[in-house]
């Protein structure tokens, strides 16, 4: 089982992740993780903090000479802005200064609910941990999961599908081509005309103190059939992936395959017909079985079916507005405008990178459940045996 915990506040000294269950023998270098961290910091519409933070990971345990050891992995991402917050965010009681307390909750954020739940009078005690800054270290965890999956021909990528109501379409091309094309775009978008309109909307929103959300699409290729299970509710792969995506800050909805469109079509236009070709032998394509459509998004009955896994996640607009909405001061109980924290106008491109990361972790977890071993060698032996078996079915 692959599991992890993260710790750290947005303006604390660092973000930390501890990963348990990574097998021995996975090639992993800091630069591999740093590439993913750099992708997260890109994107049209990001705020001034991205000019301060140049995220770099430190691997403190679990790796020796460029390979995982099977012991817990500890990954650390420093917050470069910490020096400016070392007093406000100090763990020492002598630095307490309640005159700087944040008392005006932002609509759409964790501020109010967290304050009521935990009894905090200073909303900074909530907003620091609930901030999307935490996703930096989750991207680092996802990079480690991607490194494992690559050893077995499984790749995770994606595109920005929508920003502010502008919908992008992809060219009729391979996923690899689409990912490479999206990587050249400041919005991770393959549709040039849509990208220009998205950028215009982001500029308009920034000028008016507003924010924009959108939709990201994560695609996983090379996945063998049989990950997940139908036998219990909490083992269903689509349920687990949906939970992983919904755990990302500001994500409010998830679709698998064509998702909600299935509710609008008759069954004959939804379900993917099954064909067999004995010449097809790859486990990632279901052995000899294949489909000519993929409305299911690669998952049926809670299990992968050998087709590409397609997931979409809807991100709401960031709740920190430079033209703030109405709120109530929790100290005086008087109506006020909500507090303003440094933030982005549009973080949809960053959300795509985070979405890829959490999906990679869950796919890796399901893969290890199915083919698990203490080392890459053991897992490869188990995986190859499975591939040979399904070729005969």
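Even glycines carry a Cβ here, placed using N, Cα and C.
Taken from Swiss-Prot, the feature NADP(+) binding site applies to 40, 46. Look at Swiss-Prot and you will find 129, 130, 131, 249, 250, 301, 316, 317, 318, 319, 320, 342 tagged as FMN binding site.
Within 10 Å of the C-beta of residue 40 (NADP(+) binding site) we count 26 further C-beta atoms, all protein chains included. Looking at 250, 318, the binding-site residues in this record, the fewest other C-beta atoms within 10 angstroms of the C-beta turn up around 250.
Candidate binding-site residues: 46, 129. Fewest other C-beta atoms within 10 angstroms, 129. Among the binding-site residues 131, 316, 320, the residue whose Cβ has the fewest other Cβ atoms within 10 Å is 316. Rounded to a whole value, the Cα-Cα separation of residue 131 (FMN binding site) and residue 46 (NADP(+) binding site) is 15 Å. Put simply, residue 46 (NADP(+) binding site) is 15 Å from residue 316 (FMN binding site) when counted between their Cα atoms.
Residue 46 (NADP(+) binding site) sits 13 Å from residue 320 (FMN binding site), counting Cα to Cα. DSSP assigns residue 129 (FMN binding site) to a helix in the three-state reduction. Between the CA atoms of residue 250 (FMN binding site) and residue 40 (NADP(+) binding site) there is a gap of 15 Å. Note: the CA-CA distance between residue 129 (FMN binding site) and residue 40 (NADP(+) binding site) rounds to 18 Å.
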